[in-house]
Amino acid sequence: MGEREAMEYNEKVERIRKTEYPMLAGTTYLDHAGTTLYAKSLIERFSASMISNLYGNPHSASTSSQLSTRRIEDIRLRLLSLFNADPETFDVVFVANATAGIKLVADGFRDHGTGFWYGYHRDAHTSLVGVRELAQKHRCFGTDADVESWLEKPEELDIAALFAYPAQSNMTGYRLPLDWCRRIRALSQESPRRIFTLLDAAALVSTSRLDLNDSEVAPDFTVLSLHKIFGFPDLGALIVRKESGTILESRKYFGGGTVDMVLCLREQWHAKKSDTLHDRLEDGTLPIHSIMALDAAMDVHEKLFESLDRIAQHTAFLAKRLYDGLSSLRHGNGRSVCKIYKESSSVYGDPHSQGPIVSFNIRNSEEAWVSNGEFEKLTTVKDIQVRTGGVCNPAGISSYLGLAPWEMRENFSAGQRCGNEYDILGGKPTGVIRVSLGAMSTIRDIDNFLDFIHDFFVDLTAVSDTEVNYPLTLPRELASFYVESLTVYPIKSCAGWKIPVNTPWEIRDVGLAWDREWCLVHAGTGTALSQKRYPRMALIRPSIDLVDGVMRVRVVGSEHEISVPLSANPTYFVEEDGFRSRTTNVCGDTITANEYKSEGLSDYFTQALGVACRLARFPSVGNSALSSRHSKAHLQQHQRSSTRNMPGAFPDGRIAEEVMTRPILLSNESPILTISRSSLNRLNEQIKMSGGKAAQAEVFRANIVVAEDLRSVPGTEQPYVEDSWRYMQIGNQYFQMLGSCRRCQMVCVDQETAIKNQEPFVTLVKTRRFDGKVYFGQHTCHIQGLAESSTSAQYPTIKVGDAVQSFGVDDDLERFRSGQVG
Ligand SMILES: *Cc1c(COP(=O)(O)O)cnc(C)c1O
């Protein structure tokens, strides 16, 4: 269809819109797949026919009953001919919707022989995925290439096989190869085992013709939603190749209307209807009036839109305009506004490879994701109807959005559910915005929508290519530091795990991701164990595997390794073990933790430590008072004196207030602990002077070790300068220093060998005692939301090697935040 023809057809649709779809007035309607839109004359024609005829239930010889029967048979034929399907070869079974058609096929296979193998494509709708639960074996094909290589060499199976896929993805609009049905059929004819094909045409046929003329090429089972084509009636159809239909007759259930005779009392026997396949599969009273409406729907649709081919061309033209428009939207700094999810081989404008659906997410000029919840609120104001979320396409969503199974589980245990507001988790969107066009869509809808995105989401003021937009330009008052190492301690009081270099690590409210989320609790008292009493805990070495989504644990001297899922609440996923909640005491706080029930896990840790204990996870689910802890750190006297007389200093109470509301997990006092290499060097010099054994950084169990960059600031180190820091900037993240960390003998446990020494505590007592208490290192917390709308705020990370700048002045927090300091 050329440009002029396309415009003419669009004009025609505009006219149809005015007269036939008055409910669309003033609305930009972009959610055709899945929703019903019916023409005014369809409803009028249908009601006229209902008022002037008497249609009875087609189960008797009465005139009204006969009229219904005759009409229904005519409509079946007419529906088959819409798909060019020969009634000799195919039969049509009326069902409630496409899903019911899929389930009818699945029921037949389930009850057939010893069950079945089920293969389905990644792009499958949820309704197609669910069939796997009835199958003996199943496989999800992740790519077209996987299907291709399986077609080359299908696995040997000793049970019936069903391969299912959507003719068009309801998420991306990608049109999958229909040729697979032919190839599978050809393949089955060579081998003794048949592989049957189930084509989910629900999304495709709403805007495209499906031709079943060549029976060698056609699927065995085709399901569709008639309401997606015509808007009304709410009805689905299953088109069955008669010869393949016998397998559906394995279905054990029989309902009224499907049997000729049933014996119940002394004998149990029934005879299925013998006439047609649909007679044996349509349980109960047919949706007579819906079927009558279907006749009217086919009439009206054809009259209004000419043909499905015309609709295919029209919608392809609109989808291309939308795709081109969205993909060319740029912020002032040149960055794309929309991240569009699309099969790489498909081409918008080409109805063979691509249907009229565009799925995408919006990013701001800093490349942070725009929440779909926010997007939806604005569409409501502007009367734009568009779908957001997981769009019933689970595997498509996870692969296009790059969500690993464990992340989906993590999101689920964090509270994400179909349709709720958890739309960005861990810096990734959990759903999409989906535009789906229909026959009655017009250029006006597309342009309205593009204008809307342009008006609300394009930031023309963004300056060009600033890699990271630092909100603060603070003076570099003190020596410049960098991050020497980052460590998390997944299990409280057990060994730390060094975050690999070049790995940006997420910072959460409660500290570095995966720090102190687990603890070991005494089987008897329920108290969290600590290295102070059980030095061997240092030999328990956890590590975090973000590929498999597990914490792995090894014990020094043992070959045996265990792993625990990272998901906050694996009870959803591990049936036999799971959790029980347990009142636990951590550093004087009474909390409720989730204790792992698994005996295997308990034995592992009990053996490692020689004390009966169990692994527990915090926080437990639910929001009771016992499921949260708060930071206790505060500035110490020795720190205050250094800044007391600084200009601009504000009363300490203000910082304290800010700090007290900081949530923490199982760490002792604060979300993050920072130590300085220079201070450690000074301490070790002093230890060596008195003949002691130098301490490793590990004994201080810090998360962040900062070291001085002596190349940029030549000269001597500045030990303990961090005592006077109030804020620090690491990479593009900001932190507040909460006060010095008080120390005990636990620093004497060698973290390699678990052997206790005297040092460094003895030297610390001599050199770092203030008001009778011993301090080393600084409690720290992340300051959120400095650059509210940037990726660095949405998914804050730091990494080894990041530059550290410190700010020693007790400046007003608000001024610090707004970047006016200095
Ligand atoms: C809409 C849709 C379905 C479900 O159709 P219902 O008629 O609602 O059961 C299944 N598959 C695809 C591809 C769809 O677009």
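Each Cβ is built from the backbone N, Cα and C atoms, and glycine gets one as well.
Fair warning: this is a prediction, and the values are worked out from it, not measured in the lab.
Pulled from TrEMBL, these are the features on record:
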| type | residues | note |
| --- | --- | --- |
| ACT_SITE | C392 | active site |
| DOMAIN | 613-807 | domain 'MOSC' |
| MOD_RES | K228 | N6-(pyridoxal phosphate)lysine |
Local Cβ density at C392 (active site) - other Cβ atoms counted within 10 Å: 20
Overall pLDDT of the domain 'MOSC' (613-807), taken as the mean: 77
Integer Å distance between the CA atoms belonging to the residue listed as 'N6-(pyridoxal phosphate)lysine' and C392 (active site): 15
Surrounding CB atoms that lie within 10 Å of the CB of K228 (N6-(pyridoxal phosphate)lysine), all protein chains: 26
DSSP-derived class (H/G/I helix, E/B strand, else coil) of the residue listed as 'active site': coil
Three-state secondary structure, K228 (N6-(pyridoxal phosphate)lysine) (per DSSP): helix
